[in-house]
Structures are given as structure tokens and as C-alpha cells.
Amino acid sequence: MELVCPAGSLSALKVAVDSGADAVYIGFKDDTNARHFAGLNFADKKAQDGLAYARQKGVKVFVAINTYSQAAGWSRWQRAVDTANDLGVNALICADMAVMDYAAERYPELPLHLSVQGSATNYETLKFYKNNFGIRRAVLPRVLSLKQVEAVAQYSPVELEVFAFGSLCIMAEGRCYLSSYLTDESPNTCGACSPAKDVRWEQTDAGLEARLNDVLIDRFEEGENAGYPTLCKGRFKVGDKTFHAIEEPTSLNTVELIPQLHAAGIKAVKIEGRQRSPAYVENVVRTWRRAIDLYNTNPEHFRVKKQWKEDLAKVSEGAQTTLGAYTRAWQ
Amino acid sequence: MKLSLGPILYYWTKQQTLAFYEQAADADVDIIYLGETVCSKRRELNAQDWIDLAKSLSQSGKQVVLSTLTLLAAESELKTLRKLCNNGDIMVEANDMAGVQLMSEQGVPFVSGPAINIYNARALKVMKKQGVTRWVMPVELGRETLQELLADAEAMGIKEGIETEVYAYGRLPLAYSARCFTARYYDLPKDNCQLKCIQHPEGIAVHSQEDDELFTLNGIQTMSGRTYNLESELSNMQNIGVDIARISPQGDETFEKVNQFRKALSGDLKTIALSEAECNGYWFKSPGMDQVVTSS
């Protein structure tokens with residue numbers, strides 16, 4: 001299985017490459033990618049440097065152009081595709097039919113991967129993207145159980161990539177507008193979920209309050225771990241309960257599923273976190289490299305090591321990890 | 001401009017559902033969408049029941065469209081989808097690309113629902129090639145985007161033969177998850193959800209700790225807390241080329257809303273003030289929950 005790793009900056013890219021990535025994925029410095037945050041991503045020169053570095057070490061580079069263009073911005077999306085092609089990247093990760101249509105027509109040799117933002121959860125959908133744009137791979141949203149992943153894989157006309165580790169998005173990606181409902185920016189339109197510009201922290205008598213566009217998302221007592229106010233991970237009132245009505249802050253970690261994912265024919269596992277530090281990238285990539293290598297050398301006796309768990313827990317949201325939708329219990 | 005009645009997004013009893021469509025048959029709408037779009041466990045009516053109901057409703061002289069599930073993850077769900085897509089008679093609204101794939105294989109015209117991501121005219125062109133004759137704009141988009149998109153579509157020569165529909169009334173469907181939030185609220189596993197949704201014919205309200213009504217839990221779907229209402233924008237919608245305004249069934253007032261919208265369309269436009277529980281932000285490129293006051 002290929003280990004696909006995030007790089008939000010050149011230093012993260014170098015760390016990912018040096019820590020054992022088979023491929024790194026990056027985005028350009030604008031709203032054409034779904035991690036459009038200030039200070040992140042690659043402009044032309046940095047992208048060239050990153051590509052040269054990865055290439056030299058035999059690591060592939062994918063470029064995510066995975067937001068949805070609106071009329072006025074089309075030239076940016078088009079330019080992003082052109083730039084990626086000119087750079088000679090190994091694949092584009094796209095979600096918008098317009099982007100795929102353009103790329104497939106203009107650069108038929110450039111491999112296309114369907115982004116998780118494309119929201120493909122079944123093989124009929126995969127057939128659509130394969131038939132129309134010749135995609136070679138699809139990243140599955142984090143909403144399928146392991147059984148469902150296996151079933152999709154069985155009939156999939158393209159390679160599949162699944163999420164291995166990182167922040168847990170519990171909605172079908174590409175079909176979640178919660179962020180724009182509160183802030184006007186969403187992953188689809190702007191490449192941002194719960195954008196930082198709308199976040200406000202305030203210490204009050206009731207505790208530390210986290211607001212998103214003035215809406216109270218959570219309130220933390222002293223000593224409580226105060227997470228980023230991603231709106232689906234807030235504490236809200238439903239009936240007479242105040243709780244994480246949608247989801248607790250937690251990270252996905254599927255290291256123990258390596259054998260099953262391999263058996264299902266999953267071609268690649270993806271680490272989430274272009275917005276995270278090089279230290280995070282190093283820790284997660286190194287641990288996963290070890291896990292995959294151990295599995296490859298001795299699949300029969302694969303066991304999750306305590307050390308891996310401890311290392312990964314250090315970089316997990318709320319220091320918790322979960323198998324997420326992969327297990328029925330979670331659903 | 002035509003008026004449509006969207007599919008019921010909540011889980012209603014069979015009796016409630018049938019009573020609703022009895023009224024719908026006599027209501028002043030041009031198009032009726034029906035079917036289960038949210039959760040495949042909701043089986044008060046099965047696929048065949050929906051097809052039968054659609055066929056009987058089409059005798060009312062309205063156009064009837066079968067809406068399909070939005071998040072398809074299991075083989076059983078694809079099986080139901082195939083049954084709906086192969087009904088041979090009634091138009092289908094695809095809410096997932098799986099439906100697009102099946103309808104395009106058959107070469108039969110179909111509707112692209114609000115959960116299909118068409119954000120620009122090039123994507124619409126791709127969909128037209130598949131057989132789309134009507135598309136419903138994703139709910140997070142608004143007037144300006146739509147205007148530009150339609151202008152592009154015109155310039156690309158693809159506008160002819162495609163109707164544009166806008167979700168104009170009802171709580172907004174905002175997200176779909178593997179997880180069932182209604183079951184979570186009841187502390188039940190999704191596998192044993194006991195179909196609790198049926199006890200909440202308008203979903204379950206989610207408030208902030210400061211009592212802002214933020215969201216509505218509707219099984220695996222998260223909806224807006226406020227009700228989207230574009231009644232005051234109907235004539236502007238008409239002017240930019242919207243063909244159909246969709247009213248999403250919600251509460252007893254649904255048919256009253258239909259009448260109000262019809263009146264507004266026929267020029268009986270008083271200044272329409274939104275209530276505190278309503279919003280229109282998306283249409284004006286603001287946060288969806290906002291209420292933008294216009295002078296028109």
C-alpha cells in the first residue's frame with residue numbers, strides 16, 4: 001500500500017519525504033485547494049523546489065485542486081491545472097467536474113484522482129468518474145464501514161485510497177455546508193471549514209469561550225483541553241442535554257486495519273493534515289512507514305505496537321483516536 | 001415561474017405521508033418530488049410504494065418526480081436506486097452520482113438534485129451530456145453565482161433545454177454523515193436506532209449554549225436551525241432565469257406557504273418580512289443563517 005502524506009509547506013514536504021512517504025500531496029496558495037489557510041501551501045517556486053526534492057528521493061507528488069470553481073474564479077482553477085501539468089506532477093486530485101473535464105481534455109496523459117471532496121461512496125459513482133474523465137484513483141470519504149469499503153473495492157473500476165490517520169471529518173466530504181451556514185465559507189467554495197478569520201476566543205466568568213462568527217461553539221472549564229472551534233465538534237444543547245451533539249474532537253487512526261485494507265485491495269492510505277506542523281508530519285509518517293513495512297515483511301504476524309499508539313496519540317485531536325466509521329459500533 | 005414541492009426530508013408515518021400527498025394532489029404546485037432521500041432505514045414506504053404513489057399522483061396533472069437517496073454506501077441501497085431508476089415511467093431526481101450514472105446509461109432525461117455539486121456552467125455542461133434536463137442549485141450558492149453561471153451557460157450554448165430550480169423554502173439540508181445524530185441523541189447505536197426519527201416529524205433542534213437555534217438533527221442529515229425563505233426574492237429569481245422555486249415540506253404550514261408563494265408570484269407582493277426563525281443569507285452571499293433585509 002502506498003503511503004500518501006500531507007505537505008502544507010516545503011519543510012513539511014521534506015520531512016514527509018525523509019520520513020518514508022511514497023507520495024506527498026500539496027496544494028497551491030489559493031482557494032483551488034481544500035486547505036486554503038494563510039501561510040500554507042505552495043506558490044510556483046516552492047512547488048518546483050518541492051517537486052525536485054521529492055523526485056530526487058523517488059517520491060511522487062500529487063496536487064490537490066479539489067474545491068469547486070464558481071464562474072468568476074474559473075481562470076484560477078484552469079491555471080492551477082496548467083501549472084500542475086507544467087510542473088510535471090504525478091497526479092491531480094480533483095473534485096469539480098469542470099476541473100476534471102478540462103484536465104482530461106487538455107492533458108489526457110496527466111493522471112486524475114477523485115478527491116474525497118468528490119464524495120464517491122459507491123462503485124456506480126466511481127464508474128461515472130472513470131467513464132467521463134478517466135480517473136485512475138478515488139479517495140473514499142470517511143463515512144464507510146470497513147465492510148462497505150471492501151464492497152466498494154470489490155467492484156471498483158479504479159484504484160482506491162482511504163484515510164489512514166488524522167482529523168476526523170464525519171460528514172460525507174464535499175456534501176457538507178455547515179461551515180458556510182455559519183461563516184459563508186465552506187470547503188467546497190473556499191477550501192475552508194470553520195475559517196480562522198471567524199474564530200474568537202474569550203475568557204469569561206463562565207469559562208473560556210470559543211466562537212465562530214459570534215456563535216458560541218464551545219465553553220471550556222479551567223484545565224479542559226480547548227480544541228479549535230470546528231463547528232461540528234462543538235458542545236450544544238439538544239433537549240435537556242448539553243453535549244457534543246454531532247461529534248467529539250477525536251482523530252481517526254486505522255493502523256490496526258492495515259491487514260484488512262490490504263486484503264481488500266486498497267491501493268493507498270492517506271494521512272490527513274496539510275494544516276499541521278512538520279513535527280506532526282514526521283511523527284505520523286514515520287510511524288505509519290514502520291507499520292506498513294512491518295506488515296509487508298511479515299503479514300502473518302502483524303501486531304500494532306504500543307509505541308506506535310503512544311506516538312500517534314501525541315498528535316491526535318483531544319489525544320483520542322478512533323476507528324471512526326470503519327467499525328459498525330461507531331455508526 | 002413554476003412551484004415545486006420537494007421530497008419530504010423527515011421521517012413521517014405512512015399515514016401522515018399519504019395524507020400529505022392527498023393534499024398535494026390538490027395543491028397549487030406544478031411539480032411534486034417524492035421519495036426517501038435521507039436514510040435507507042426509513043421504510044414506512046418502500047421503493048415500490050413510492051413508485052405506486054408517484055404513478056397515482058401523476059394523474060393529478062402535475063409533473064411527478066421520484067427523488068433518490070443522497071448518500072449511497074450499501075449494496076442494498078444501490079438495489080433500491082436501480083429499482084427507482086428503472087421505473088420506466090416517472091422522472092427521477094438523482095441526488096448522488098450513482099443515480100446520474102444509472103440514468104445516463106439508460107439515456108433517459110433526469111433531474112440533478114441539490115446534493116449534486118454543480119458550481120459552474122462547465123459542470124452543468126458535463127451533466128447535460130448525461131441527460132440532465134433540470135438542475136437544482138446546491139443550497140450554499142446564491143444569486144450572484146447563479147446569475148454568472150446562467151450567463152456562462154448561455155454563452156456556451158447549453159442553457160436551452162435545461163431548467164433551473166432553486167431551493168426556496170424549508171430548513172436547509174446542510175450535511176450527510178455515516179453517523180446518525182438522532183440515534184446518538186438517544187444514546188442508541190445506529191444499527192439499533194429504533195427509527196426514532198419518526199418521533200420527530202420536524203427533526204430535533206440543536207441550540208448553542210446561548211440558545212441560538214443552530215441546526216436540526218434529522219437522522220444522518222444535519223439541517224439548518226432556521227428555515228430558509230426566499231419568498232421576497234421570487235420576482236428577482238424570475239428575472240435572472242430561475243424556472244422553478246422549491247418548497248420543502250415542513251410542518252402543517254407547508255400548503256399555506258405554497259399559497260403564499262403562488263400569490264407572491266402572481267404579483268401580490270407585499271413587503272415580506274422574515275420571522276426570527278427564518279434566514280436567507282446564502283442567496284445574498286452571506287452566511288446561510290443570516291437574515292439579509294432588502295429594499296425590494
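The backbone N, Cα and C atoms fix where each Cβ goes, glycine too.
The [4Fe-4S] cluster binding site annotation in TrEMBL covers B:CYS39, B:CYS180, B:CYS193, B:CYS197. Other C-beta atoms found within 10 angstroms of the C-beta of B:CYS39 ([4Fe-4S] cluster binding site) number 23, with every protein chain shown included.
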Practice problem: Sequence order please: the binding-site residues B:CYS39, B:CYS193, B:CYS197 that have their Cβ under 8 Å from a chain A Cβ, otherwise just none. | Solution: none
Exercise. Starting from the Cβ centroid of B:CYS39, B:CYS180, B:CYS193, B:CYS197, which together make up the recorded [4Fe-4S] cluster site, report each further residue of the same chain whose Cβ lies within 8 Å of that point, ordered by sequence.
Key: B:TYR11, B:LYS41, B:ARG42, B:THR182, B:ALA183, B:LYS190, B:LEU195, B:LYS196, B:GLY219, B:ILE220
Exercise. State which of the following binding-site residues has the fewest other Cβ atoms within 10 Å around its Cβ: B:CYS180, B:CYS193, B:CYS197.
Key: B:CYS193
Quiz prompt | Conformational class of B:CYS39 ([4Fe-4S] cluster binding site) under the three-state DSSP mapping | solution = coil
